[in-house]
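**Q** The following block contains the structure, expressed as structure tokens.
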Amino acid sequence: MSVQKITILGATGSIGRSTLDVLKAHPDKFALHAISGGSRVEPLLDIAEAFRPARVAVADERALPALIAGAKARGLTGIELSAGAEASVKFAEDAEADQVVQAIVGAAGLAPTFAAARAGKRLLLANKESVVCGGALLMRTAEEKDAKILPVDSEHSAVFQCLESATAKTRETARIVLTASGGPFRGRKDLSGITPEMAVKHPKWSMGRKISVDSATLMNKGLEVIEASWLFGVPADRIDVVVHPESIIHSMVTFDDGAVLAELGNPDMKTPIAYALSWPERIVSGVAPLDLARIGRLTFEAPDLETFPLLRIAYEALAAGGDRTIVLNGANEEAVAAFLDHEIGFTAIADTVRAALDACAQTTPASLEEIFAVDAAARAATRRYIERTRCGGR
Ligand code: NAD
Ligand code: MG
């Protein structure tokens with residue numbers, strides 16, 4: 001295999017950095033081609049210094065002077081520097097890149113994901129929000145343009161691996177079982193008084209702030225149910241969730257004959273990232289081998305949908321179809337941001353998402369532009385609800 005040129009969108013985040021760790025271990029296989037980030041320039045320049053990519057972009061246009069000055073100060077010449085949200089779209093469709101790692105957080109990843117699909121890219125997809133919003137249109141675009149979507153989300157990587165040997169006919173009745181760690185508040189009934197600092201401390205995985213809060217509310221699992229439904233073409237009633245706090249089984253598939261296939265490993269995103277990078281081969285990821293005797297026991301329980309209603313709300317949105325999952329996602333992003341800014345409490349996240357779904361009449365978007373419009377309207381409705389409740393006008 002010749003050296004593959006890798007582009008990472010959202011390179012400075014948790015998934016981005018884990019990807020860089022895998023690339024670093026395989027200079028004979030991979031070279032970093034382009035990186036983008038949100039607004040922070042110094043971590044982008046640190047990566048540029050270590051890996052010397054051809055292109056570096058920052059989404060926040062105001063950060064361009066700092067990017068240029070910083071590159072000059074570090075003697076980084078010959079690197080194409082740019083800024084703006086469009087930069088990640090250009091990187092996603094760049095003909096020179098062999099693989100595009102989509103590690104942006106939130107619906108900000110929607111346009112780059114579609115760009116990569118339209119360009120027929122090999123797309124290593126961590127950005128679940130773009131699947132949740134893109135839905136059928138995204139899957140159709142990828143298929144038409146012969147783009148290969150390789151899931152990076154650990155559950156979906158597991159399902160992908162478990163389904164690899166299944167025929168199309170077998171897949172028609174297979175059931176997906178997504179495992180959930182349960183988050184930091186598993187077992188609690190009273191979720192009052194939870195601060196952002198408490199919510200972002202995950203017991204098993206080290207992740208970005210937004211997904212950590214989603215993990216704590218179980219919305220992350222709800223988004224993953226929707227993601228699995230689109231990626232694998234399986235309806236909501238054939239996707240189950242089981243809480244498995246040790247996070248050793250990353251998900252399972254059950255078949256008609258009673259057989260259950262599972263993928264196991266230590267909880268470290270480098271495993272699914274390495275698999276997506278090397279598929280259909282396997283390479284060393286740097287993750288320690290699994291020692292089951294030391295772990296001793298694996299435990300399971302049903303999710304508590306009373307205390308964590310967002311998982312149920314996500315199932316309902318998926319079953320309702322149309323634009324519901326887009327509204328769900330946009331409202332959740334706004335509510336989580338408000339929670340992280342200490343504007344609303346932890347339990348208000350679910351109330352806010354429910355209110356936004358009620359406030360937005362259901363439509364069926366047929367284009368990417370219409371998806372953007374639904375997302376924008378959902379966010380505006382969410383902000384209005386948050387302002388109203390903050391002013392005590394409920
Ligand atoms: P993070 O917050 O650590 O990183 C997000 C990255 O996106 C940062 O590099 C940030 O600068 C960048 N970014 C934000 N807006 C941008 C924009 N408009 N253009 C370009 N870059 C932008 O988040 P994360 O934990 O790495 O998660 C990234 C995605 O992967 C999310 O969709 C998340 O749900 C998914 N995911 C993460 C994990 C995990 O273990 N962290 C696991 C599975 C899936
Ligand atoms: Mg996951």
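A Cβ is built for glycine as well, from the same backbone N, Cα and C atoms used for every other residue.
Straight out of TrEMBL:
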- Thr12, Gly13, Ser14, Ile15, Gly38, Asn127, Glu129, Gly208: NADPH binding site (BINDING)
- Lys128, Ser154, Glu155, Ser181, His202, Ser215, Asn220, Lys221, Glu224: 1-deoxy-D-xylulose 5-phosphate binding site (BINDING)
- Asp153, Glu155, Glu224: Mn(2+) binding site (BINDING)
- 6-135: domain '1-deoxy-D-xylulose 5-phosphate reductoisomerase N-terminal' (DOMAIN)
- 149-232: domain '1-deoxy-D-xylulose 5-phosphate reductoisomerase C-terminal' (DOMAIN)
- 264-380: domain 'DXP reductoisomerase C-terminal' (DOMAIN)
**Q** Looking only at C-alpha atoms, tell me how far Gly13 (NADPH binding site) is from Asp153 (Mn(2+) binding site), rounded to the nearest Å.
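**A** Gly13 (NADPH binding site) and Asp153 (Mn(2+) binding site) have their Cα atoms 14 Å apart.
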**Q** Give the mean pLDDT for the domain '1-deoxy-D-xylulose 5-phosphate reductoisomerase C-terminal' (149-232) on the 0 to 100 scale.
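**A** The predicted confidence over the domain '1-deoxy-D-xylulose 5-phosphate reductoisomerase C-terminal' (149-232), as a mean pLDDT, is 96.
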**Q** Going by C-alpha distance, which of the binding-site residues Asp153, Glu155, His202, Glu224 is nearest to Glu129 (NADPH binding site)?
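**A** Nearest candidate: Glu224.
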**Q** Where's the emptiest Cβ shell within 10 Å among the binding-site residues Lys128, His202?
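**A** The binding-site residues Lys128, His202 were compared, and His202 has the fewest Cβ atoms within 10 Å.
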**Q** Quick check for you: of the binding-site residues Ser14, Ile15, Gly38, Asp153, which have their Cα within 10 Å of the Cα of Lys128 (1-deoxy-D-xylulose 5-phosphate binding site)?
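**A** Of everything listed, what lies within 10 Å of Lys128 (1-deoxy-D-xylulose 5-phosphate binding site) (Cα to Cα) is Asp153.
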**Q** Among Asp153, Glu224, the binding-site residues in question, whose Cβ has the most other Cβ atoms within 10 Å in this structure?
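**A** Of Asp153, Glu224, the one with the most crowded Cβ is Glu224.
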**Q** Filtering Thr12, Ser14, Ile15, Asp153 (binding-site residues) by proximity to ligand 2: which pass a Cβ cutoff of under 6 Å to any of its atoms?
**A** Asp153
**Q** Where the criterion is a Cβ under 6 Å from an atom of ligand 1, which of the binding-site residues Gly13, Lys128, Glu155, His202, Asn220, Glu224 meet it?
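**A** Only Gly13, Lys128 qualify.
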**Q** Cα-Cα separation of Thr12 (NADPH binding site) and Glu224 (1-deoxy-D-xylulose 5-phosphate binding site), in Å?
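**A** Given the Cα positions, Thr12 (NADPH binding site) is 23 Å from Glu224 (1-deoxy-D-xylulose 5-phosphate binding site).
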**Q** Rounded to a whole number, how many Å is the Cα of Asn127 (NADPH binding site) away from the Cα of Asn220 (1-deoxy-D-xylulose 5-phosphate binding site)?
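**A** Cα-Cα distance, Asn127 (NADPH binding site) to Asn220 (1-deoxy-D-xylulose 5-phosphate binding site): 12 Å.
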**Q** Can you break down the domain 'DXP reductoisomerase C-terminal' (264-380) into helix, strand and coil residue counts using DSSP?
**A** 67 helix, 2 strand, 48 coil
**Q** In whole Å, how far is Asp153 (Mn(2+) binding site) from Gly38 (NADPH binding site) when you measure between their Cα atoms?
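**A** That comes out at 21 Å between the alpha carbons.
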